[in-house]
Ligand SMILES: *Cc1c(COP(=O)(O)O)cnc(C)c1O
């Protein structure tokens, strides 16, 4: 008899986006003449930039000629891409990460989820609330939790509430975690962590032999130079942190797929006898067993992001999204909303007025302004009373949406 992995039975049904879809469809069916503006799901809308597209095409053409055709590539990623990443994303900023410590993959969603596999089931995991749902669900799948409780928290997970009271950066937990998921700039709150804040976490991880799983998917959106773009800007982080980065939001690769994980050679985790082991070695072992590399044209396209023209073009797209964020922030501020984020991240996190619940606000904005956002409570209990607007939208739609929200009663 085939038995299932029963940890999967603990998972709560993916509720947030299906429920948003259900309510939107219901509204559309009842109001077929209304034009809906979607500012909910965190997906990009601008196309690949010309320099990236050109490299992508070249890569495809190379695959069509016997002299340049490539079969399986290195599982870790082609050296040309890993070198481009190391030099441009790290060494150029004074961070000493060699190409050998970079492992290319087809997405940070997979990486942040799969990484759980190389850590034992007895590890205690700390995650923020609200949170990117992947961290929690993959913690459950890998058998590190008990059942889901009525408040939506899984037993055995250390939840760290992030609210306006702590500036959306969590306090150090009272119970000691082994693995700590941090995401800055943050999805969903759009807020950032200062150098001081991250130093607190690196020191804590060093004292406790914990590992920080640092999701930097939105680092390219940082506009304030005092905010760290990488966890490795913090002294001592190489011994306690894994960094996840993706071309998805940085360069519009959500449908093209390329990302990477940085695991410094110095990073160690322990066996039950207390012996130290290289985490990079374990991850490479997993990666090369279960993954056969990102397609060559895609890696070529990703490397083009680091050419001078590629950098310039990508920056313009990011500036377009960040101008959307500015418009949203200022428009919502003007009509009396308290707004967080949207300065160094493409998300604007709005506090509803008068203690209105996230879903009530969702219904109001949908029904009266025909605009779709994301209820904060869908990302965790501490998101209740907040609402997320994504800046990954068309400018005209952003302007129209803000006008409609201003005209709400
Ligand atoms: C979008 C996003 C990613 C990127 O995922 P990919 O699989 O690389 O597309 C990673 N982390 C967070 C928090 C995100 O919002």
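Note: Cβ is positioned from N, Cα and C throughout, glycine not excepted.
Note: TrEMBL annotation is automatic and uncurated.
Here TrEMBL has 15, 42, 132, 187, 292, 388 binding substrate, and the candidate from 109, 209, 312 in that same listed site is 109.
257 is the residue from 257, 285, 286 that TrEMBL records in the pyridoxal 5'-phosphate site together with 72, 108, 109, 132, 187, 218, 246, 247, 248, 292. Spanning the listed substrate site, residues 15, 42, 109, 132, 187, 292, 388 have a farthest Cα to Cα distance of 36 Å. Of all residue pairs in 72, 108, 109, 132, 187, 218, 246, 247, 248, 257, 292, the annotated binders of pyridoxal 5'-phosphate, the farthest apart have Cα atoms separated by 34 Å. Filtering 15, 109, 292 by Cβ distance to ligand 1 (under 6 A) retains the following binding-site residues: 109. The DSSP secondary structure for residue 246 (pyridoxal 5'-phosphate binding site) is strand. Annotation: 292 are the recorded positions among 15, 42, 249, 292, 388 whose CA atoms are within 10 angstroms of the CA of residue 72 (pyridoxal 5'-phosphate binding site).
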